[in-house]
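Here the structure is laid out as structure tokens; the discussion comes afterwards.
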Amino acid sequence: MRSRTALLLVFLAAAGPALGAPKAPPAKAQPAAAAPKQGNPYRLKTGAEGKLCLDCHADFEQKLAQKSVHTPVRTRDCVGCHNPHASDHGKLLADTGGQICARCHGGMIPASAKSLHAPVSEGKCASCHAAHASNFKNNLLKGGAELCAGCHKNLVDGIVAAKVKHKPVENDCATCHEIHGSAAAPSLLKKDAPDLCVGCHRPDGAIFLKKHMNYPVGKARCTTCHDPHGSNKPGMLYDHVHPPVARGQCAQCHEPPGSPNRFKPKQAGVELCKLCHAPKIGEFTAKARVHRPVLEGDACLTCHGPHASKQAGLPRANLTVVCGECHADTIKRQKLSPAKHEPVGAGECGACHDPHSSDAPLMLTGANRIEMCGKCHDWQRHSSHPIGEKVKDPRNPNRNVDCLSCHRAHGTEYAQMLPFPTTTDLCTKCHESFKR
């Protein structure tokens, strides 16, 4: 009996750790540390690193003969950008294109940039650079302005067509612009105007002063009057010039050049513009509804440039920008709308609204909404729903049914610029008997 008991105790002692003690959780697997560069951790043949890729990708030998070769390609470090086995990204890239480039080229973007090139902010480096090699410096896909024309075609076409050329622009866009981002100025400028301009132009020179009627404009923003990309006007003035400026009559609005307040306007606000435009301003103010900027603050100068402009009527910029300074929500709504109202998308706010004044609600250009919409939309042909003065809106008996009863001219999140997801949702707001 003793021998059996002793034998059992020996067995339990040996099995104790396996049967009696609680099991400890398995240790969590740790990721393998990055393999050191030295040695041959991947058991590749001698000299295979880089050469192995070229055994299959033989066409890369031709790329190596190009003028500008990306450093990882030149050193045969293919795995610097590619995973040799598998990847979640196209072309076996180790990460998204922009993230890969940032590993080495992160310093190309200023830390406190005031403006960024769109391809840079979107991580689309390959829009301008060849990843492996190129015959242009810095691995660019094309040289000089030809590369920029790929996205900025309208601008480059205007530069080519301009009768009065700006020499730096003819040479290279990078004369004035940073390529990736600028910490100094908007529009990727290396410096803001006028500091950028006086790098080439002497504002204290006799010719410069004569051209500017002896006004010391060296501290002024040159782009108020001049198109830096070229123009069809002498002196690279914008296409539309305020008549006093075109005649060199600065003193018509400003104090004389010898005055201590030479840049001060002779009158403030709308009173200055009335010196020449009193009849027109009188027409504006005689209407039932007057646009607030016409009478308040800087008045006309809220929307118009006093010297020159790219657009007729001397707006400070295109109407999408000018109107968007106060009506940003309207511009944003149009951008998000799946259905685009052409005048709004094209920045032609004046197609529907009078920018100065109107006798109609919402400063519309027509006597009423139906008349205004009818200028472009022959509603009698494509709409069978009754509208007009005799048709009252069931939701508000003080209003008539018109185009805007069912559509939102500036866009909505739904099709046909409807205010509701479906036509059923819309129609049953008035025709309640059809609700289910």
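Glycine is treated like the rest: Cβ placed from N, Cα and C.
Just so you know, TrEMBL annotations never went through curation; they're auto-generated.
Per TrEMBL, signal peptide is recorded for 1-20.
Under the heading compositional bias 'Low complexity', TrEMBL lists 21-39.
Feature annotation from TrEMBL assigns region 'Disordered' to 21-41.
Residues annotated as domain 'Doubled CXXCH motif' in TrEMBL: 70-107 (among others). For the domain 'Doubled CXXCH motif' (70-107), the DSSP-based tally of helix, strand and coil residues reads 21 helix, 2 strand, 15 coil.
The domain 'Doubled CXXCH motif' annotation in TrEMBL covers 117-154 (among others). When Cβ-Cβ distances below 8 Å are used as the criterion, the domain 'Doubled CXXCH motif' (117-154) is approached by residues 60, 63-64, 66-70, 73, 81, 96-99, 101-102, 105, 108-109, 169, 171-173, 178-181, 188 of the same chain, each at least six residues removed from its ends.
Residues annotated as domain 'Doubled CXXCH motif' in TrEMBL: 166-204 (among others). If you average pLDDT over the domain 'Doubled CXXCH motif' (166-204) in this model, you get 91.
Here TrEMBL flags 216-237 (among others) as domain 'Doubled CXXCH motif'. Through the fold, the domain 'Doubled CXXCH motif' (216-237) approaches residues 155, 158-159, 162-166, 169, 176, 193-194, 197-198, 203-204, 208-209, 245-246, 257, 262, 305, 307-308, 310 of its own chain, all at least 6 residues removed from its boundaries and within a Cβ separation under 8 Å.
The domain 'Doubled CXXCH motif' annotation in TrEMBL covers 242-280 (among others). For the domain 'Doubled CXXCH motif' (242-280), the list of distant contacts is 212-216, 225, 294-300, 305-308, 314: same-chain residues at least six beyond its ends, Cβ to Cβ under 8 Å.
What TrEMBL lists as domain 'Doubled CXXCH motif' is 291-330 (among others). Within the chain, the domain 'Doubled CXXCH motif' (291-330) has long-range Cβ neighbours (under 8 A, six or more residues past its boundaries) at 224-227, 237-242, 245, 253, 269-270, 273, 277, 281, 284-285, 344, 347-350, 354-357, 363, 410.
Per TrEMBL, domain 'Doubled CXXCH motif' is recorded for 341-381 (among others). With a cut-off of 8 Å between Cβ atoms, the residues of this chain six or more beyond the domain 'Doubled CXXCH motif' (341-381) that come close are 283-291, 294, 303, 318-321, 323, 330, 334, 387-388, 402-404, 409-411, 417.
Summarising the annotation, TrEMBL assigns domain 'Doubled CXXCH motif' to 397-435 (among others). Counting residues 6+ beyond its ends, the domain 'Doubled CXXCH motif' (397-435) has Cβ neighbours under 8 Å at 330, 333-334, 336-341, 344, 352, 368-370, 373, 377, 379, 385-391 in the same chain.
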With the cut-off at Cβ under 8 Å and a gap of six or more residues from its ends, the chain residues touching the domain 'Doubled CXXCH motif' (166-204) are 108-117, 120, 128, 144-145, 148, 159, 216-223, 228-230, 236
